[in-house]
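Straight from TrEMBL, the features:
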type	residues	note
ACT_SITE	S284	active site, charge relay system
ACT_SITE	D378	active site, charge relay system
ACT_SITE	H412	active site, charge relay system
COMPBIAS	30-41	compositional bias 'Low complexity'
COMPBIAS	42-51	compositional bias 'Polar residues'
DOMAIN	256-463	domain 'BAAT/Acyl-CoA thioester hydrolase C-terminal'
REGION	21-51	region 'Disordered'
Amino acid sequence: MWQVSARCLCRASSRAWQKRLPWPGPCGPAAPRSRSPAWSSGTAPAQGLSSMAPSIRLSPATRSLFDEPLAIAVQGLGPRQQVTLRTSLRDETGELFQASARYQAGDDGELDLARCPALPGGSFSGLEPMGLLWALQPQKPFWRLVKRDVQSPFLLQLEVFEGHGQRPGRLLAQAQHERAFLRDGVRRVPVREGRIRATLFLPPGSGPFPGIIDLYGTGGGLPEYRACLLANHGFAVLALAFYSYEDLPKGMKEFHLEYFEEAVNYMLQHTQVKGPGIGLLGHSKGGDLCVSMASFLKGITATALINGSVANVGAVLHYKDITIPPLGVNLKRIKVSKSGIADIIDALNNPLEGPDQQSFIPLEKAECCFLFIVGQDDHNWKSEFFAVEGSKRLQAHGKEKPEIVCYPGAGHYIEPPFFPMCAASMHLLFGKPVMWGGEPKAHCEAQIDAWQQIQAFFHKHLTGKPSGTSSKL
Ligand SMILES: CCCCCCCCCCCC(=O)SCCNC(=O)CCNC(=O)[C@H](O)C(C)(C)COP(=O)(O)OP(=O)(O)OC[C@H]1O[C@@H](n2cnc3c(N)ncnc32)[C@H](O)[C@@H]1OP(=O)(O)O
């Protein structure tokens with residue numbers, strides 16, 4: 001990870017949060033060690049096996065929040081026994097996601113994923129305590145892990161099989177664990193005020209809380225999971241639909257900023273939202289909508305973009321008598337691989353040249369601070385170029401330099417921590433599967449760090465206090 005702002009930010013590293021997990025120490029010969037009281041057995045041996053049979057131990061035992069680490073260990077194995085661990089999770093449409101990894105227990109018959117590296121031949125190798133979650137892959141091609149109902153958890157199934165064969169050996173132990181989205185006490189409030197179609201998440205207590213509007217990208221609908229997870233950390237977050245949802249326009253033809261202005265005013269007037277301004281968070285197409293909101297609307301204090309664009313893309317934008325055309329596209333520059341997956345990285349025109357300059361959003365009008373989260377292997381578009389050009393333009397107009405945090409090996413779909421990377425899926429505008437970029441391990445580490453950076457940025461600018469969550473890294 002590198003960053004362009006003057007402020008020094010921490011490096012993306014899975015090692016740091018691994019230190020928070022229980023059971024420190026080397027894999028291999030047994031060493032006396034104390035166990036965390038938070039650590040408890042959540043599982044039973046496979047049916048028909050004796051009480052001395054292997055069992056899975058999880059911490060937290062039965063339920064954790066999706067963006068929190070989960071410590072996994074197996075006890076009761078033979079000395080240096082070879083086993084294969086498998087995780088399975090079905091999304092709400094019934095699609096199955098699975099990951100598996102090969103391990104060898106220590107001399108004491110214990111296998112602690114925080115201390116024992118996975119051996120080659122599985123979904124990942126090396127010391128990866130959360131590998132069995134971030135390496136989950138769909139059986140259905142081009143399918144992403146999406147959470148639709150944040151009020152119910154994902155059910156994670158863990159299984160331990162004998163041996164390292166291509167086909168699973170005898171089942172030795174199994175366990176289930178809930179990966180939840182809504183923290184106890186967080187309120188989920190559907191919002192249908194005026195034209196707004198949204199869901200507000202409010203942390204427990206009377207508030208007021210720093211407020212954020214969260215926008216997803218092309219695809220429409222009302223994805224709530226990022227907003228919900230963010231609200232768990234003390235923010236009042238409005239997940240805002242902007243097309244293809246209930247009575248909103250079906251397609252992405254044009255947007256009117258007045259709709260988004262209604263949402264900003266809703267938040268500013270809400271008794272549980274702390275003023276005087278709010279934050280904006282947007283991914284992909286949601287990112288350039290946030291840049292437009294910050295540039296033209298009042299009451300925005302901080303804007304964080306995840307692989308966003310500083311040019312208006314995909315649809316005309318209107319606000320009062322202003323019209324910003326979308327950045328031009330040349331479909332001839334799309335490369336399609338033999339497997340039929342398109343690489344659209346070069347499809348968009350350059351917003352610094354010719355008539356396409358009209359699509360560059362005048363972000364120098366914004367009165368807020370900016371954070372650009374950039375996946376340097378983004379294949380949807382040139383996120384790093386957009387961030388650097390946005391920074392140049394802000395500074396050329398005497399505005400504060402934005403924070404730019406770049407992650408090598410991270411692709412376009414930077415989600416909250418532990419969502420498996422989606423390498424390619426259907427592009428709902430282009431109508432073909434496209435590659436999003438990213439290398440799974442680097443992408444997963446970027447997600448963990450980016451999540452902290454986003455929270456720290458909003459804490460700093462919306463509350464004036466440094467984030468209390470940064471110690472996670
Ligand atoms: C070329 C140059 C251009 C260049 C021009 C560039 C223009 C701008 C490009 C911006 C790029 C981006 O924004 S990148 C994308 C960032 N995307 C997001 O943030 C997506 C956010 N939204 C969503 O993910 C969606 O709303 C969902 C998955 C939550 C679905 O919502 P829904 O409203 O319930 O819709 P639903 O009917 O179930 O599904 C709608 C469609 O999504 C598919 N779909 C549904 N679930 C999934 C899933 N888990 N994984 C994969 N696909 C799914 C369905 O098959 C269906 O496709 P079909 O049957 O209709 O075919």
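Glycine residues also receive a Cβ, built from the backbone N, Cα and C atoms like all the rest.
No curator has checked TrEMBL annotations; they are predicted automatically.
Note that this is a predicted model, so its numbers are computed, not measured.
Rounded to the nearest whole angstrom, the C-alpha distance between H412 (active site, charge relay system) and D378 (active site, charge relay system) is 4. Distance from the CA of S284 (active site, charge relay system) to the CA of D378 (active site, charge relay system) is 10 Å.
Under the three-state DSSP scheme, S284 (active site, charge relay system) falls in the coil class. For D378 (active site, charge relay system), other Cβ atoms within 10 Å of its Cβ number 25. Over the domain 'BAAT/Acyl-CoA thioester hydrolase C-terminal' (256-463), the average per-residue pLDDT in this prediction is 97.
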